[in-house]
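These notes are about the structure you will find just below.
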Amino acid sequence: MAAEPNKTEIQTLFKRLRAVPTNKACFDCGAKNPSWASITYGVFLCIDCSGVHRSLGVHLSFIRSTELDSNWNWFQLRCMQVGGNANATAFFRQHGCTANDANTKYNSRAAQMYREKIRQLGSAALARHGTDLWIDNMSSAVPNHSPEKKDSDFFTEHTQPPAWDAPPLSLQGPSSQPRLQRAVAWHSRSMAPTQTCLAPHPKPHWNWKSSIIGKKKPAAAKKGLGAKKGLGAQKVSSQSFSEIERQAQVAEKLREQQAADAKKQAEESMVASMRLAYQELQIDRKKEEKKLQNLEGKKREQAERLGMGLVSRSSVSHSVLSEMQVIEQETPVSAKSSRSQLDLFDDVGTFASGPPKYKDNPFSLGESFGSRWDTDAAWGMDRVEEKEPEVTISSIRPISERATNRREVENRSSGLESSEARQKFAGAKAISSDMFFGREVDAEYEARSRLQQLSGSSAISSSDLFGDMDGAHGAGSVSLGNVLPTADIAQFKQGVKSVAGKMAVLANGVMNSLQDRYGSY
C-alpha cells in the first residue's frame, strides 16, 4: 500500500490549487479565500457552505479542511486535482442544473453524474501517478493560469522594460507570433523618442505618454453625481403641499367611510343574531308551555317552582326565556320605611357587618330611638333610671372604625362609660371582671343587681323584681327579652341610647349652623 502524504506535501499541493483564479472563491456562495473542500465534487467551499454540505451527509458530500486537516490520502488529493471549481461549474451548467438551494442542487441527476465522474478520474490518476505530487495536466496547465501572468498590473506592464517578457514569447512557437510582433513594434516605438529628442515636435514621445496615462484618465476622472438629473435637491412649491394635503384628506375620508361601514355591518349582524336568538327562545318557550299543559296541577306547580318550566310564574320574579317586561320604579308612599325590629340592629352598626343602613330622615333617629326605649310596652323591659354620660361631637367615631364584634363592643362601651361603672359599683365591696364588663349571665347575679337597684324603694312587687312590671306581655307574645339574654339586652339598650344621644347632638349642631347662617335672611 502506498504511503500517505505528509503535511508539507499537502500544504504545497493546496497552495498550488488555491492559486487558480476560479478556486479563490467559494463554489456555492462566491465568498473569497475558501478554506474548506468537498472531496466528492473536488470543489473549494467557505466555512458556512461547508456546514451546509456537512448537513447533507457524507453520502452526498464529504468535507475536509485544507488548512487544519492533515490526514489526507492520495485518492482524496487526486480528486481535488482532477476537479476544481471551474470544471464543476461547467459540468453543472452543461447539464442544466442552475439551482441555488444546496439540497436541490446536490440531490439532482447532474450532481450524481459528477460525483461518479470525479471518482473515476481520481482512481485513474492514482493508478497512473501513484505517489507523485503532480500530474501531467497540472504541470502544463496550472502555470499558464497563474495570477502572475493573467492578473498583471496595467501600469507595471507598460512602465517596466520588456526584456522579461520577450524570452517566453520567443519560446511559444507559431501560436504566439502575433504577440511577439506586437512586443517588437512596441519596443521600436519606445526607442523612437530617444533618437529624435532634438526635433522641434517630439510627437512619438507624446504619443507614448498618452498611451500610458491619457487612456486611463477618462475612466478615473469621473465627476460626481451632480451631472445626473433627478438626484439633487429640488425646489418645493406650494402646489405640491396642497396636492399632498388633498390626498391626505381623501385618504382620511376613505378611512372614516370604511370604519363607518364596518361598524354598521357589525351592528346589523348583531341585531340579526339577537333577533334570531329571541325567536329561538320564543319557540323553545312555546314548546315547554305545551309540555307543561299536559302535566297535572300539582306536578305543574312543582315544575314551575323548581324552574323546570319556561312559562311566566308568579313566584319567580324574572326568567331569561320569558317575555321581556319593562319594570318601572314606584315612588315610596311615605318617607319613613316600615322595618322590623331586627332591622334596628343593622341601623346601629354595632352587631351587623358591612355598611350601616339608615332611614330616610337621619334627624329622626334620636327621637325614634328615644320613643322606643321610653315606651315600656314596645319592648317589654324595665326602664332603669340611670345617669346618661355626656356626649360630645369629638366622641363620635367614624363608621369604618366601629366594632363588628360583640366582645369589642363590650370592651369599648365599658371603657367609654367608666364614670357610669363607678357610680354603678360605688357601694359594692368587691366586683369581678364579668360584673364590670357586663358578662355575668348567672341568675343569682341578676337578682342581686335588681335588689341593689331597688334597695332605696319603700316597697317592691314581684313584677318589679322579675322584670314584668305591667304584665302586658302574655305567654304567646314575643319581645326582645325573650330573644337575647338580659345582660346583652342591657348592654344593647345602653349602646342604642348612646347612639341616639350622639345623633341628637349632631342634629342640634346642624340646626344651630343653619340658624346661624340663614337666620339673618
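Backbone N, Cα and C define each Cβ position, glycine as well.
Now, the feature entries from Swiss-Prot:
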{"type": "DOMAIN", "residues": "11-127", "note": "domain 'Arf-GAP'"}
{"type": "ZN_FING", "residues": "26-49", "note": "zinc finger"}
{"type": "REGION", "residues": "97-521", "note": "region 'Required for interaction with coatomer'"}
{"type": "MOD_RES", "residues": "SER140", "note": "phosphoserine"}
{"type": "MOD_RES", "residues": "SER146", "note": "phosphoserine"}
{"type": "MOD_RES", "residues": "SER237", "note": "phosphoserine"}
{"type": "MOD_RES", "residues": "SER240", "note": "phosphoserine"}
{"type": "COILED", "residues": "242-308", "note": "coiled coil"}
{"type": "MOD_RES", "residues": "SER312", "note": "phosphoserine"}
{"type": "MOD_RES", "residues": "SER334", "note": "phosphoserine"}
{"type": "MOD_RES", "residues": "SER340", "note": "phosphoserine"}
{"type": "MOD_RES", "residues": "SER364", "note": "phosphoserine"}
{"type": "MOD_RES", "residues": "SER368", "note": "phosphoserine"}
{"type": "MOD_RES", "residues": "SER432", "note": "phosphoserine"}
{"type": "MOD_RES", "residues": "SER433", "note": "phosphoserine"}
{"type": "MOD_RES", "residues": "SER513", "note": "phosphoserine"}
Problem set entry | Using Cα positions only, nearest of the modified residues to SER240 (phosphoserine) (SER432, SER433, SER513) | SER513
Exercise. Taking DSSP states H, G and I as helix and E and B as strand, how many residues of the domain 'Arf-GAP' (11-127) are helix, strand and coil?
Worked result: 65 helix, 11 strand, 41 coil
Exercise. Cα distance, SER513 (phosphoserine) to SER433 (phosphoserine), nearest Å?
Worked result: 43
Exercise. What residues in the same chain, six or more past the boundaries of the zinc finger (26-49), come closer than 8 Å to it by Cβ-Cβ distance?
Worked result: 17-18, 60-67, 76, 79-85, 87-89, 102, 111, 114-115, 118, 122
Exercise. Distance between SER432 (phosphoserine) and SER513 (phosphoserine) at the Cα atoms, whole Å?
Worked result: 46
Exercise. Around SER513 (phosphoserine), which residues of its chain at least 6 apart sit with Cβ under 8 Å of its Cβ?
Worked result: none
For this session: Within 10 Å of each Cβ, count the other Cβ atoms, then let me know which of the modified residues SER240, SER433 comes out lowest.
Result: SER433
